[in-house]
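Read the structure below first, then the notes.
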Amino acid sequence: MTTYALDATALGMRYRRGWGLRDCEFQLPTGRISALIGPNGAGKSTLMRLATGLLRPTTGSIRVLGEEPGRHGTHRKLAFLAQDKPLYRGFTVAEMLRAGAVLNPSWDDEYAWRLVREADVPPQAKVGTLSGGQRTRVALAIALGRRPEVVLLDEPLADLDPLAREDVMRTLMAEVADSGMTVVLSSHVIADLDGVCDHLLLLAGGRVRLQGDVEDLLAQHRVLIGSRELVMPDGVVEARTTERQATVIARTGPVPGWEADEPSLEELAMAYLRSARAVAA
Amino acid sequence: MTWVAWRQQRLQVLISLAIITALAAVMVYTGFDARSLDETAVEDKYGMYLGYLQLLLLALPVLLGAFAGGPLFAREIEQGAHVFSLTQSIGRTRWWATKIAVAGLPVVLGMTLLGLVNAWADPALSTLRGARLAIPSFEVQGVAIGAYTALAFTLGATAGLLVRNTLGAMVTAIVGYVPVLIAVGNGLRPHYAEPQGGVVDSTMLREKAWRVETSYVDGAGNPVDLRAVCGDDVNRCFEEGKVRVHALFHPDDRFWAFQAVEAGVFLALSAALLGLGAWVLHRRLRLA
């Protein structure tokens, strides 16, 4: 039996205001870079917090490398970088690294320090005085310093300028290439993930709308353009019509009469997100 | 985790210990100085001092307790840093217990020592105060003062987990602590032991027993209504021995036994609050 990085069964999380995640079934394979896509409020952060053990599911279960999150902190081989990059504000960068070392038996000090040096962050600077980009680099260094097999990054690029985004992504991809880590990366900006991710999990309204290998998913779908008089194919995800022509995204092969193209990741994701919103409305 | 907790709390801990040490130094000096003076000179020199000292020592347990306990979890949660702490390789319980120990123990132990120093200094100033068992002398010396600090601290710490707001947690600690102190001192403490009863004369007052109830009796020991027997001239009535004062009181030598019971009461309340905190930590604390 395959061990998945994350494996959810009937996973649900109810907040006071309603369900944050409901009836989620998904598997994220190891050794891949998975994109977790969804609009704000889709349940991306909830899913990650369930995997770390910060939250406990209301229904079902989530397994990390085959184990359910327990009472002794996050799975030793899992690292999590939350969206607001939480660190101790009054600590210096050097003290933050020491905290990482004492809180984690698997800590690789040399490695974490190398990542901080590469980021050009002064070790004696207080964490509270760092720029957004520096703070992200330090938080990432500490997350990776645990030498995780799986790393969960919740909107790691939000509120970074374009140069810092590029730096962070380059660092991350270099480390992934070296170590073969499994990465789960959430974002609501799909362009950030295109070309980086090879596996996709799309959430909307707390439910899984689409999952699978990115190449497979793209190969299974078509953007169809043709006259609005044509018969709609099977497996329509979303159809938009103007006065004369229809643009359809469908899970289908080539269909006679339509001009068919493989969609881009962004086109595909947007089609699913829009159709999820239309159903909800 | 101990190093992390110490690094987070060291400023508060050091400030509190500095205040405690300074006060202890003042007490030691006063204790020696007052022992070298005669009674009148002590009254002249230290009358004001004792009043202020008692005021300060009444406030100090709740101030230091709330200062150490209120921000302990609330500030970390406010800043979102608990998400970092709790996604490392340590469990929730260890995070909570270590922070409680590192922030709470030094202050509680320091305050206990301060109470003992004050109990040593106190006899030199005893002519300036009322009964040692009565409010406020009882609260400012001995071992109970450390237990008061523990209650204020655990109130602040647990409130911080619940309200997740530093100011709210500190206010909860103060607002919760004061009524407990008043209620225990007035409602519970007189019952820690069966009071002795008897007709009292002036020697009893010099021994500084703690009177918890006063009534009037005639020469035969029967209860009487003071107004009905004496009319307006109460003083002559006493001089003639028609009416005498009957009191229920706790003798001064019960001081340390009462201190132990009082400390036990407050430590039990603190333990209950820690239990509530542990329950909140595992059952109610939403960390999203």
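Glycine residues also receive a Cβ, built from the backbone N, Cα and C atoms like all the rest.
Those TrEMBL annotations? Automatic predictions, nothing curated.
The transmembrane segment feature in TrEMBL is assigned to B:12-32 (among others).
Here TrEMBL flags B:52-74 (among others) as transmembrane segment.
What TrEMBL records for B:95-120 (among others) is transmembrane segment.
Listed by sequence, the residues of this chain that lie at least six past the ends of the transmembrane segment (B:140-163) yet keep a Cβ under 8 A from its Cβ atoms are 53-54, 57-58, 60-75, 77, 99-100, 103-104, 107-109, 111-116, 118-119, 122, 132, 169-170, 172-174, 176-177, 180-181, 255-256, 259-260, 262-267, 269-270, 273-274, 276-277, 280-281, 284-285. Feature annotation from TrEMBL assigns transmembrane segment to B:140-163 (among others).
According to TrEMBL, the feature transmembrane segment maps to B:170-188 (among others).
The transmembrane segment annotation in TrEMBL covers B:256-281 (among others).
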(request) Look over the recorded stretches B:12-32, B:52-74, B:170-188, B:256-281 and say which has the most C-beta pairs under 8 A to the transmembrane segment (B:95-120). (result) B:12-32
(message) For the transmembrane segment (B:170-188), give me same-chain residues lying six or more residues beyond its boundaries with a C-beta closer than 8 angstroms to one of its C-beta atoms, as numbers and ranges.
(response) 61-62, 65-67, 69-71, 135, 138-139, 148, 151-153, 155-156, 159, 163, 262, 265-266, 269
(request) Please give the sequence-distant neighbours of the transmembrane segment (B:12-32): residues at least 6 beyond its ends with Cβ less than 8 Å from one of its Cβ atoms. (result) 6, 46, 49, 53, 56-57, 60, 64, 67-68, 71, 102-103, 106-107, 110-111, 113-114, 117-118, 120-121, 124-125
